[in-house]
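Taken from TrEMBL, the feature UTP binding site applies to LYS132, GLN195, GLY227, ASP258, LYS401. Residues annotated as substrate binding site in TrEMBL: HIS228.
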Amino acid sequence: MLFFSTHAPGFMGHIQLANGGMAQFQEMMRQQLESSMHTELEKLLDTSTGAERDVSKKDFEGFNNLFHRFLQVKGPSVEWIKIQRPPEDSIQPYDKIAARGLPDNVANSLNKLVVVKLNGGLGTSMGCKGPKSLISVRNENTFLDLTVQQIEHLNKTYNTDVPLVLMNSFNTDEDTKKILQKYTHHRVKIHTFNQSRYPRINKESLLPVASNLNMNGQNTDGWYPPGHGDIYASFYNSGLLDQLIAQGKEYIFVSNIDNLGATVDLHILHHLVSQPNGKRCEFVMEVTDKTRADVKGGTLIQYEGKLRLLEIAQVPKAHVDEFKSVSKFKIFNTNNLWISLAAIKRLQEQKAMDLEIIVNPKTLDGGQNVIQLETAVGAAIKCFDNALGINVPRSRFLPVKTTSDLLLVMSNLYSLEAGSLTMSPKREFPTTPHVKLGSSFTKVQEYLTRFESIPDMLELDHLTVSGDVTFGKNVSLKGTVIIIANHGDRIDIPAGSMLENKIVSGNLRILDH
């Protein structure tokens, strides 16, 4: 939905428009807004010189394209009535792919692969400074350590050269590059490139809030990385895409660096590289079955003859409950994607990447309302030929977004081998327990002080903890455990305790559940 404000440049007061003149007026307003934006961006470019100016100029080309499309948008990007279930063969079960087995020479397939991790996010939501990928998640290993270990293990096992590429943002680039020195002697080549840097725009005037290209002081708030859909343009612009194609690489495996289940899967890779040339699948999206915890996740639909990603932000309000239904939309996008490098190059050169725009409203510290125009990497599925969904086991989706997730991956539910976490064979059910830690556990440092050691959770189904609670050493949790310390109370779970189907509340009264 496009809105015009009386503060928009060139606004002409209350004009009585004749019938049919509205469209013409709106077009004039759009042109006026684009012209004003262009002028402001030129002014920003003039505040810098050299390499920074050149990079920003390229970034602004992408931003201008996004802004132009944002102004053209009329109403929702999908018509609900046109949404269809994907055809049976467009989402394949993983077992069917794996049943084909692996070739004798796995190395041939691996040498065509590049692993790309989305590394633009900060650890702020977990109370940490710097890149999220540098948070320790298991035995002092960070997300980045585990990723490097996984790829190094592949390269050593199969005598291959699978490189790791990190897509950084201006928030994470400097800190990440410093830490990369520690992997110099590991058997994995690491490349980085930067996501674009786009200007936040004032919600009222639709003009940039930044006054210059610098990233210091108040001006820092004027910029944002425009979502992971920016990978296609920034990867292409960096020159790295062409470099990897020249080395004989054919596919990238892209995933969020905080998804510990996103390891290189040899069966999916073999499926991709063994297709006949004319039928080459250019894009695979790993999806998995929805549970009630995943109702907001994007899903795959058939729309105007193409496989397409439908995100909750695109759903008309009247249909949100239907979208969340586990029975109608059974799967969701894990954001583990396998994409053809040659196809990215072709689509970029044809300017044929048409990704839905996500309008993300924010309020800056000073109270100013801004909007960020963003895109999602998975939305490009409709642009690629022979795109496919593969319904993978839930184990390939193990994101660590909160300390509740962190507790799961630090526990004995998982064993760690060569950088990969696998569910312990001692757990009878393959599902992960539902863990909900309260606000006293939100920040990693505080969370760590509340556990003398991570409890035994092999037989846990559900854990809820609220208030000022601490755990002694060697605590065991089984079944459903709910621990609630009321305001002003503190509950210390003694060392060696075994809580099975218990509700603990107040000042440590333990009730059978």
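One is the number of the first residue shown, and numbering goes on along the chain from there.
Cβ coordinates come from backbone N, Cα and C, glycine included.
Note that TrEMBL annotation is computational and uncurated.
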Query = For HIS228 (substrate binding site) and GLN195 (UTP binding site), what Cα-Cα distance in Å is obtained after rounding to a whole number?
reply = 8
Request  = If we count other C-beta atoms within 10 Å, could you say which of the binding-site residues LYS132, HIS228, LYS401 has the fewest?
outcome  = LYS401
Message = Test of understanding: give the count of other CB atoms lying within 10 angstroms of the CB of GLN195 (UTP binding site).
response = 27
Key: Cβ-Cβ distance under 8 Å to GLY227 (UTP binding site), same chain, at least six residues away   = ILE358, ASN360, GLU374, THR375, ALA376, VAL377
Ask   = Given the UTP binding site residues LYS132, GLN195, GLY227, ASP258, LYS401 in the record, what is the largest Cα to Cα distance, rounded to whole Å?
value = 21
Key: Under 8 Å by Cβ from ASP258 (UTP binding site), counting only residues of that chain that are 6 or more apart   = GLY121, LYS132, SER133, PHE143, PRO399, VAL400, LYS401
